[in-house]
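A.B. asks: So that we are looking at the same thing, I have put the structure below in structure tokens.
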Amino acid sequence: MLNIALFGPPGAGKGTQSEFLVKKYNLFYISTGDLLRKEIAAKSKLGLEAKEIIASGGLVSDEIIVQIIEKTITENPNANGFLFDGFPRTYIQIYILEGLMIKLNTSLNCLIGLEVEEQISVARLLNRGKTSERLDDNEMVIRNRLREYHDKTLPVLQFYKDKGIYFDVKGNQSIDMVNQDIQQIIKAELNKSLFNVVLFGYPGSGRGTQGIALARKYGLEYVATGQMLEQEIKNNSDIGKRIIELYESGELVPDEIVVQLIENKIESSNGVKGFIFKGFPRTLVQSYILDGLLKKHTSSISQVIDIQVPTLELINRLDERSKTERCMPYDTSTSKIVKRLQEHEKKTAPVIEKYNQMHAVKKIDGVGSVKEVFDRIAMEIENNGQYLG
């Protein structure tokens, strides 16, 4: 998820740049003023509270603001991230945003400040006033607004400077030059982050084939739990011996072993652009484990993809696989195949639902040639605002 705060004095050109960034990176635009007006127009509970406060001459409290922002974020899971226009405005709001980001298992990537000399801001706004007929576009009001902006935002900007995620852009350049500078900042920030994909799909959907191909194309590390367990057995490691014991007694491999192997994989993978997870997480518990593992390594899930194939096609594919050396234990009869598919749905449906609320799971048609399905997945990855080829 890409989260940006865009700051700049009146007349800096935030509106123009915001419009571009929203389209370029598929971000959802968050302006507290716009959100308040929307809630008031909708006559929602929060909107009515805000309207009453404004009518009495008061300022809308941070308590209401944070609820509206959280509501907006959770209602827009398809966004690749959020563009905050002029928020946080105060030192208190800094910590409100920090806490909100933690709650939503994400963080602010950067704060970009458009720096414009006062005389240029004044000239731009006076020029705008000639056509907009806005009463507040006269020089005295403009200079007061600029003074208020600098007084209020100085502590906010200093906080993010100290944190190392504040970047300034010369806003007196041409629109295109400002735009290029902003894109360079975002590109550098995204390059610091791992691009992590979780690949879902029923047995027979082609997850393994697609996962390996995607990892190769995009410089990702392919993480398949089944493959890692088999490797431990081949290596005759202590973990491998334990896995054999579990298999022989008919027990499932516990999460403790799987997590240890995944963590070792993450820590030993140098120079990769991210990870593609196949076969993990299978359960809700494992989904929380993966979130925690990635958080430990200052990372998170970037994209969740679900390869969808009709049940009859899955049965046909698994039946065909049973006649090859790639045959799995559950491929040997139709009844076993159906049981396996039912078990998969029971376990993974809640996981996909959880991720759909947080990341907007991308559903991919898995019918067709390997290349056709691959091209569909590749298009989704390359349309993701966090992916940089």
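The backbone N, Cα and C atoms fix where each Cβ goes, glycine too.
Grabbed the feature section from TrEMBL, which reads as follows:
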BINDING   Gly11, Ala12, Gly13, Lys14, Gly15, Thr16, Arg128, Gln173, Arg321, Gly368  ATP binding site
BINDING   Thr32, Arg37, 58-60, 86-89, Gln93, Arg134, Arg145, Thr225, 251-253, 279-282, Gln286, Arg340  AMP binding site
REGION    31-60  region 'NMP'
REGION    224-253  region 'NMP'
A.B. asks: Near Pro281 (AMP binding site), which residues of its chain come within a Cβ-Cβ distance under 8 Å, counting only those 6 or more away in sequence?
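C.D. replies: Correct list: Val198, Ser287, Ile289, Leu290, Val351.
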A.B. asks: Just to confirm: which same-chain residues, 6+ apart in sequence, have a Cβ under 8 Å from the Cβ of Val253 (AMP binding site)?
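C.D. replies: Spatial neighbours, sequence-distant, of Val253 (AMP binding site): Leu229, Ile243, Leu246.
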A.B. asks: Have a look around Gln93 (AMP binding site) and count the other CB atoms within 10 A of its CB, chains all included.
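C.D. replies: Result for Gln93 (AMP binding site): 18 neighbouring Cβ atoms inside 10 Å.
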A.B. asks: Just to verify a number: CA distance, Gly11 (ATP binding site) to Phe87 (AMP binding site), in angstrom, no decimals.
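C.D. replies: Phe87 (AMP binding site) has its Cα 17 Å from the Cα of Gly11 (ATP binding site).
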A.B. asks: If one looks at the chain holding Thr225 (AMP binding site), which residues at least 6 apart in sequence have a CB under 8 angstroms from its CB?
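C.D. replies: Correct list: Val258, Leu261, Ile262, Lys278, Gly279, Phe280.
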A.B. asks: Measuring Cα to Cα, how many Å separate Gly15 (ATP binding site) from Arg340 (AMP binding site)?
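C.D. replies: On Cα coordinates alone, these residues lie 53 Å apart.
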A.B. asks: As a test of the contact definition, list every same-chain residue at least 6 positions from Gly13 (ATP binding site) whose Cβ is closer than 8 Å to its Cβ.
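C.D. replies: Those within reach of Gly13 (ATP binding site), by Cβ under 8 Å and sequence separation of 6 or more, are Leu114, Val116, Gly171, Ile175, Val178.
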A.B. asks: Quiz question: given the binding-site residues Arg128, Arg321, Arg340, which has the greatest number of C-beta atoms lying within 10 angstroms of its own C-beta?
C.D. replies: Arg340
A.B. asks: What does DSSP give as the helix, strand and coil breakdown of the region 'NMP' (224-253)?
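C.D. replies: Per-class counts: 22 helix, 1 strand, 7 coil.
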A.B. asks: For the binding-site residues listed here (Gly11, Gly15, Thr32, Leu59, Phe87), which one has the lowest count of neighbouring CB atoms within 10 Å of its own CB?
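C.D. replies: Result for the binding-site residues Gly11, Gly15, Thr32, Leu59, Phe87: minimum number of other Cβ atoms within 10 Å at Leu59.
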